[in-house]
Amino acid sequence: MKLKEVTEGKVRIFVPDPKEYMIEGKFDPSWAPVFYNPKMTFNRDLSVIVVSLLKPKIILDALSATGIRGIRYYVESWKSEQLILNDKNSTAASLIQINVKNNGIENAKIYNKDANALLYEIKSEYIDIDPFGSPVPFILSSINATIRNGIVAFTATDLSPLEGSSRTSCRRKYDAINYKLSSSKELGLRILIGKIIREAATLEKTVHPLFSFYADYYYRLFVIVESGARKADENINKNLKYFGECPRCGFQTFVDENCKTKCPICGENFIIIGPLYIGPLHNMEFLKRMIDTYSDFNYLSSFNRIQKLLNVIEKEAKYKSVFYNISKLASKLKVSAIPPIDSILECLGDASKTHFAPTGIRTDKGYEEIIRCVKSLR
């Protein structure tokens, strides 16, 4: 395997040379014998900031590939007492050995095992699950392997089922009814969290989001794991519900049950999806710590993008409602010219943009007030 040295953050690692695995002048990271995707640098950059605040004693990257993520955590975030890197691909495990040595890390434990098998053998304070596709096969094992009040980080790239484009796949993987709705970018993340909560409950544990976001073609989610059947029951009863959207007028709301429900505005039957998580997507105290800290990482290649994302999330995090997609709402209302988002925010007074969609707004003001602004500004 021909290797190429690359720099990401403050580390230098060897990866398969893309030129050796091109097909008709094109390259996909999955074609190489060991997976490395430079498009996920933003994901890793933000994760470096998160881990720097958590300072876990044990870090476990269960699906390490080149080892880039765990190595960056150790070098840039926090020199943990123990760094555990694993990949079931023996070629990847060998490459991890090279990359760990290349970055002067002496206390790393490297495994060449199936991720689930390893997760049922050991415990960790911080576990990272960054699979190719859905994290569902690793939810139970990662929650089980996390110590009390530990953290699990999940990446999900299978947006088709989560956003309602592939309904049967969503039902099969996430045990949720789904449709493509106006706010599906956010609802997909809530379906994912709902699935994790239900899986954790089978172990008499529960999870709460610490920080989460949507970017490019994936969701990234950090959850804190708590033990106790009572806590699991409370979280399910309080934070797992359904979501309804009116296909005629665009009114949307959380609903308690998956049953035929009429829109209170126009009387049309709701399209209902779920179950999904209805609580906050971030821990506000932790979010504040991220905002206070990220400037220390101005060397990151995606620093400006991180700054923009955190600025938007800081503003939208205080609102409890799912965002309204003004473009989709205007279409349902037969409003031909979509008003500028900034004008709608000014009209509403208490509202913000959302990172989920460029034409989305988040506010706790009522549907009627949003409609008034949309129509008055056309």
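Note: Cβ is positioned from N, Cα and C throughout, glycine not excepted.
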Pick from Asp17, Asp87: which one does Swiss-Prot list with Arg44, Arg69, Asp114, Ala115 for the same S-adenosyl-L-methionine site? Asp87
Cα-nearest neighbour of Cys263 (Zn(2+) binding site) within the listed binding-site residues, Arg44, Arg69, Asp87, Asp114, Ala115: Arg44
Averaging the pLDDT values of the domain 'Trm1 methyltransferase' (4-374) gives 97
Span of the recorded S-adenosyl-L-methionine site, as the biggest CA-CA distance among Arg44, Arg69, Asp87, Asp114, Ala115 in Å, is 22
Of the binding-site residues listed here (Cys246, Cys249, Cys266), which is spatially closest to Ala115 (S-adenosyl-L-methionine binding site) when Cα positions are compared? Cys246
